[in-house]
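Remarks on the structure that follows.
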Amino acid sequence: MLESAIESLPLMQYIIGMKGEPTKADMMQYLTCWLCKGVYRDAHTINECMCTYCKGCIYKYFTENATRYKCPSCHSELGGKPLEYVVRDQILQNIVDSLIPDFKERDDKLKSILLKRLNEKRIQKGTYKPPVSIQKQTQSVNNTTTTENTLSQNSSGKQNVNIVDIEFKLVPLNDEDVNLRMPELPKKLKISQKNKTILTVKKHINKLIQEAIDNIEILCKNFPVADSHSLEYIRKTKWQNNSKTMVLQYKRKRKIVGNNRQDI
Ligand SMILES: [Zn+2]
Ligand SMILES: [Zn+2]
């Protein structure tokens, strides 16, 4: 289906006619946004002139200057409401996604990393504002939107379990056995959805300091917690101190082989 979609594009027919099989490079030059010079992100086409841009690029172009009423690349007149001609172009976007299969994935990952970093900075500065959906719920009870209020609001269990963030610290446990101690993480403070599990926390530690997930033990108030438990569950059952940032400790697991305890 995709191949026939590609071949139905006039430009592709042109390329095929000229050089036989189109190369990836041939295709890429027709999948590039004229405004940002990158491959399309959420391709949107102006249905008057059939020029395509990233959604973000073309919306920004027309909204940041209300006197713009022509297609930026071919200058077709689009009247007073140019955005009415802009429509999502799923076929083109599918072609981009199939030529660069991990592009969207990498793009999404990058976005979420940047957002996380930004939020961490905002929390440090005290300017963090939760996403609009959370703000609305918080405001309906209390007219403030500070992190502290949002978090204590979470603990009352009134909010949607899937969308609310939880703030916690990850600190290495100073086990009496030196071999079980693990290094500090580059960043202690973490924000995560409260339904995320301890296994997710282990994966995070594994990524940062390359300790095998099976070797990591997470504890709360010195008590080991299970992989399957969510952060919210641990806060309610083990931490029980809703006013403060939850502290989770981590250390290397002591491996038990037969009847003999053995360190790793
Ligand atoms: Zn663009
Ligand atoms: Zn155009």
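Each Cβ is built from the backbone N, Cα and C atoms, and glycine gets one as well.
Values in this document were obtained by computation on a predicted structure and should not be read as measured data.
Feature annotations, courtesy of TrEMBL:
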- 33-75: domain 'RING-type' (DOMAIN)
- 134-156: region 'Disordered' (REGION)
Quick test of the contact rule: Cβ under 8 Å, at least six residues beyond the ends. What residues does that give for the domain 'RING-type' (33-75)?
82-83, 85-90, 92-93, 96, 100, 103, 107
Please count the residues of the domain 'RING-type' (33-75) that DSSP assigns to helix (H, G, I), strand (E, B) and coil.
9 helix, 10 strand, 24 coil
